[in-house]
């Protein structure tokens with residue numbers, strides 16, 4: 001089954017090759033950014049509450065705008081094609097990292113955060129959603145779960161390579177933008193389009209009429225996507241699972257490295273080791289294990305197993321009593337990483353081919369709402385329990401609280417029923433609702 005899925009990846013070669021380069025370039029910076037931002041904002045300190053709060057504010061702002069941007073990008077990918085949307089989203093990371101190549105002073109770090117926030121709004125989540133929709137265009141429905149597992153496995157492999165490079169390369173080389181520039185150039189030259197863009201009409205309309213028409217069409221299109229999800233028990237349930245899972249996991253991700261630095265004195269080397277350990281195991285679980293077990297157990301069982309593993313992951317981090325415990329906790333990432341491909345497969349099975357971008361984009365928008373809400377609690381709670389004013393000695397208390405969200409996600413996942421989509425009976429004017437944006 002794994003070899004068969006690998007053969008079916010051939011039409012996706014010109015998509016996956018540049019995406020791997022993009023993921024490697026981004027992952028190289030993850031473990032280093034904690035040291036760079038802490039050194040710039042809180043020189044000589046191991047704990048930097050300012051960096052934790054800025055990350056929380058960044059995640060909140062990104063979450064607010066992603067609620068709107070992600071569904072729209074998914075709709076535009078259905079209407080105007082996957083390729084132009086992919087080119088836009090992968091290009092947004094070039095300038096922020098270019099700034100840190102020039103200088104890592106306090107002012108440049110602030111400028112990086114501003115530009116990276118804009119980049120996250122456009123690219124975070126949307127690259128994966130559009131890529132999954134692209135894959136759904138060229139892969140048969142019964143083979144999508146295996147192909148999606150290969151895509152997320154390559155994502156993990158890219159993260160491993162990125163962390164290996166971060167572990168051994170000097171910081172000055174890590175923020176080079178060469179790989180990031182290569183990605184849109186390669187895509188523009190070699191990536192084939194899978195969607196026939198809709199033709200533009202009514203060019204003679206006045207500016208005011210165009211603006212009003214655009215607003216009305218976007219409202220109708222978003223309403224259509226909402227109806228698409230809410231009218232399907234499968235998509236509605238997976239949306240709730242995604243919301244609570246992302247609520248907990250995004251909160252943990254936003255503070256985890258700062259927590260480890262403060263609690264155990266970890267630096268970029270330990271961060272890279274943890275991320276590499278998760279990545280190596282994730283490659284095996286996604287590329288080899290998932291395609292083998294998916295036909296036997298189905299997406300629902302795999303999803304529940306992965307969510308259970310994520311709960312253990314969070315609780316061990318929250319209760320970590322020694323420097324070796326985070327390594328034990330990270331080992332559960334080998335299993336919980338399967339939440340993503342299982343979710344993509346469920347969404348893909350629950351939506352028609354023409355609605356793949358809308359369904360993936362809407363669920364990604366739901367996840368964005370969760371990532372908006374989580375730092376509002378996680379940032380101050382983490383800072384409080386890492387300070388000397390904590391009411392009791394449990395530095396990972398905020399992470400324990402986040403694990404409760406994954407418990408709720410598991411409860412919803414246990415009620416999931418994966419059903420084939422129905423035709424667009426709920427809206428007979430679908431074509432009008434999905435009218436192009438640029439008319």
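Including glycine, each Cβ sits where the backbone N, Cα and C put it.
Here TrEMBL gives transmembrane segment for one range in the set 66-84, 85-103, 199-217: that range is 85-103.
Sequence-distant residue pairs (6 or more apart) of the transmembrane segment (327-347) and the transmembrane segment (274-294) include at least 3 whose Cβ atoms are under 8 Å, placing the two stretches in contact.
Taking pairs at least six residues apart, the transmembrane segment (397-416) and the transmembrane segment (85-103) share fewer than three Cβ pairs below 8 Å and do not count as touching. Contact between the transmembrane segment (109-135) and the transmembrane segment (301-321) does not hold: fewer than three of their C-beta pairs are under 8 Å, each pair 6 or more apart in sequence. When Cβ-Cβ distances below 8 Å are used as the criterion, the transmembrane segment (172-192) is approached by residues 14-15, 17-19, 21-22, 24-25, 28-29, 32, 83, 86-87, 90-91, 93-94, 97-98, 100-101, 165-166 of the same chain, each at least six residues removed from its ends. Looking at which of 147-166, 237-259, 359-377 has the most CB pairs under 8 Å to the transmembrane segment (301-321), the answer is the stretch 237-259.
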